[in-house]
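K.L.:
For reference, the structure I am asking about is given below.
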Amino acid sequence: MGDMRSLVKMLMVVLFLGWIFIWIMISTDLYKSKWTPKLAKNLNTTYFGPQGMNLVLLTVPMMFIAVLSCVYLHTQKKPTQPQREWKLKGRMGRVIMVMNPLGIVTATELIFSLLFVALLIWALSSHLYLSYHVHLHNHDNAKIWQAKFRAFGLRMGYVGHYCWAFLFFPVTRASTILPLVGLTSESSIKYHIWLGHVSNFLFLVHTVVFLIYWAMTNQLMETFAWNPTYVSNLAGTIAMVIGIAMWVTSLPSYRRKKFELFFYTHQLYGLYIIFYVMHVGDSWFCMILPNIFLFFIDRYLRFLQSTKRSRLVSAKILPSDNLELTFAKTSGVHYTPTSILFLHVPSISKLQWHPFTITSSSNLEKDTLSVVIRRQGSWTQKLYTHLSSSIDSLEVSTEGPYGPNSFDVSRHGSLILVGGGSGVTPFISVIRELIFQSQNPSAKLPNVLLVCAFKHYHDLAFLDLIFPSDISVSDISKLNLRIEAYITREDKKPETTDDHRLLQTKWFKPQPLDCPISPVLGPNNFLWLGVVILSSFFMFLLLIGIVTRYYVYPVDHNTGKIYNFSYRALWDMFLGSVCIFISSSIVFLWRKKQNKEGDKESKKQVQSVEFQTPTSSPGSWFHGHERELESVPYQSIVQATSVHFGSKPNLKKILFEAEGSEDVGVMVCGPRKMRHEVAKICSSGLAKNLHFEAISFNW
């Protein structure tokens, strides 16, 4: 098995390097004047037309890598549960700088970013050299400087196209490409943002240059021209208008303060792709096809998963007015600490999906999955209002869970977890996973220090979620946990407690359509995803070959006409969508049929859950001193916690005090300022034993 994985890995590396090599060479005179004629002669066949060369060189390798990655991840060794070991590793290397607007940048990220920028500069300079010194296109008989100005705008658009070859990889949630380099969709969203900014800037320059050129040459109506045999300017204009709308509303000032405007505008991405592809044509579409094809496979599978109504078992309303929702799940749902789950509540919004941190452990809690929701923003406020009312059921759909493919923590002697506000919630799943590890007598657990900062005293209720309510003393006896909690806006503990400070638990009645959360393709999810990718892409090649040979080719060669430039691209998009729909649906329904007995058992178990009346109880932090704590988990939390009022944690002091430890893993989740401060301390070099990783859900 190990030899096969090594062979698959080597093959993927070779294919990827070859793919990158083509992208480097594609802008050179050698490629255009020497290689292209020979390659086109052999690859632009009657079955694929002018897109054949790019299809073979730039589409097939990445699709093959996607299939191989499914095999690679499927054959990944899955340790037996009690012996499972976790290691904390910075997913993209050691922090090298912290600066706005880039944020926390690791050495690996910096290297790859510089290489990508170098590729863009190389492509632009090579294209401009060809335009200025080899062959300057001047079909309009404009002045030389005007023709060069036009060439500059054209080449800026070419370079923007390079960004689109990578744009959708980071937002493919169930990607099999990202785990190969230790990334998740959540942690790589920033790359999508960077690529979006760069590509939209380049396309904007491309558009403005052409508008100025057409104005100088009295051809402004070319903006709305739809050439049936060449590039459609009108399609490009429409794509640019949509792109600008998406770009402006995705800026931080809009995205954070007017999320709904950002969300609904971003749903125009489908139209953006359609008009963009109609503008560049089928041959150039094949250059960027892999990441778009894989994204839409993921998107459709997510849609299929979301059609099921998930069984909501209970909701805890914390004294801080935040929520913990608990869902039923099948035992086949496995996820790692710090994973997230997307929720959709149709009664609140028909379109919106929101990600929330999972606090449970799939190893410790085999039949349930819990998420924590902070009441912030209109959507979560409406959800809180719903759950606070007298309802006994709520329709909820879910997508996920999504998270790192592996999450290792045991190689460090100590763990320092730094959380601000609701940023403490990802660490609940880490601690629960360590509780599971402690059940192995030979397991060596790290010492854990949880440093958390809250604005108000009642926010300490987050800590009540650290241990599951059914945990026993023996389960947590081996866990060496210390909590330092800081209340920044209050100088002392409140003296009074009212009903508002009660921890309320609501139980929901099972409904006939409720189903436990399950993997979209069932067990062996990666393997079946590979089947979907391979079958849909093979079907696409087959259908595009048939359409080109028996429909497009006769028009080009038998009638003396040229088949519509934009229609070729439409055929690619249409057939690709059809193939994804057919292949994904067949595999999904087949797997659903195979898992039918298990689903019946799970559904029967869900329906048999006894409905309980809502309960209220004091949290650990809101009881009188004369009241003895009856709950073992709550008592353990209080005993492990030191509460500091009126101050913020001195992170530099806390982290440097760990200098004497042999190896310290540092994780931080919270406000940007806190993440940056911890990153700067860890990257300062003053404490070389600190291994840093940030968790951010700020999209």
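Glycine residues also receive a Cβ, built from the backbone N, Cα and C atoms like all the rest.
TrEMBL entries are annotated by machine, without manual review.
Pulled these from TrEMBL:
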- 605-619: compositional bias 'Polar residues' (COMPBIAS)
- 305-408: domain 'FAD-binding FR-type' (DOMAIN)
- 599-621: region 'Disordered' (REGION)
- 7-26: transmembrane segment (TRANSMEM)
- 55-74: transmembrane segment (TRANSMEM)
- 95-124: transmembrane segment (TRANSMEM)
- 159-181: transmembrane segment (TRANSMEM)
- 193-216: transmembrane segment (TRANSMEM)
- 228-249: transmembrane segment (TRANSMEM)
- 261-278: transmembrane segment (TRANSMEM)
- 284-301: transmembrane segment (TRANSMEM)
- 526-553: transmembrane segment (TRANSMEM)
- 573-590: transmembrane segment (TRANSMEM)
K.L.:
With pairs fewer than 6 apart in sequence excluded, do the transmembrane segment (228-249) and the transmembrane segment (7-26) have three or more C-beta pairs that lie under 8 Å?
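P.N.:
By the criterion, they do not touch.
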K.L.:
Using DSSP, tally how many residues of the domain 'FAD-binding FR-type' (305-408) sit in helix, strand and coil.
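P.N.:
Residue counts in helix, strand and coil order: 13 helix, 39 strand, 52 coil.
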K.L.:
State the residues, same chain only, that lie 6 or more residues beyond the ends of the transmembrane segment (573-590) and have a CB under 8 A from a CB inside it; answer 'none' if no residue qualifies.
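P.N.:
That would be 273-274, 277, 285, 289, 293, 296-297, 300-301, 304, 520-521, 528, 531-532, 535-537, 539-540, 543-544, 547.
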K.L.:
Which listed range (55-74, 159-181, 526-553) shows the maximal number of Cβ pairs under 8 Å with respect to the transmembrane segment (95-124)?
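P.N.:
If we count Cβ pairs closer than 8 Å to the transmembrane segment (95-124), 159-181 scores highest.
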K.L.:
With a Cβ cut-off under 8 Å, give me the same-chain residues at least six positions beyond the ends of the transmembrane segment (228-249) that come close to it.
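P.N.:
196-197, 200, 203-204, 207, 210, 222, 255, 258, 261-262, 265-266, 268-269, 271-272, 275-276, 278-281, 562, 564-566.
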K.L.:
Between 55-74, 159-181, 193-216, who has the most Cβ pairs under 8 Å to the transmembrane segment (526-553)?
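P.N.:
Stretch with maximum Cβ contacts: 55-74.
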K.L.:
Among 159-181, 193-216, 261-278, 284-301, point out the range having the most Cβ pairs under 8 angstroms from the transmembrane segment (55-74).
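P.N.:
The listed stretch sharing the most Cβ pairs with the transmembrane segment (55-74) is 284-301.
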K.L.:
For the transmembrane segment (261-278), find every same-chain residue at least 6 residues outside the stretch whose CB is under 8 Å from a CB in it, and list them.
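P.N.:
Here the qualifying positions are 164, 232, 235-236, 238-239, 242-243, 245-246, 249-250, 254-255, 285, 292, 351-352, 566, 569-570, 572-573.
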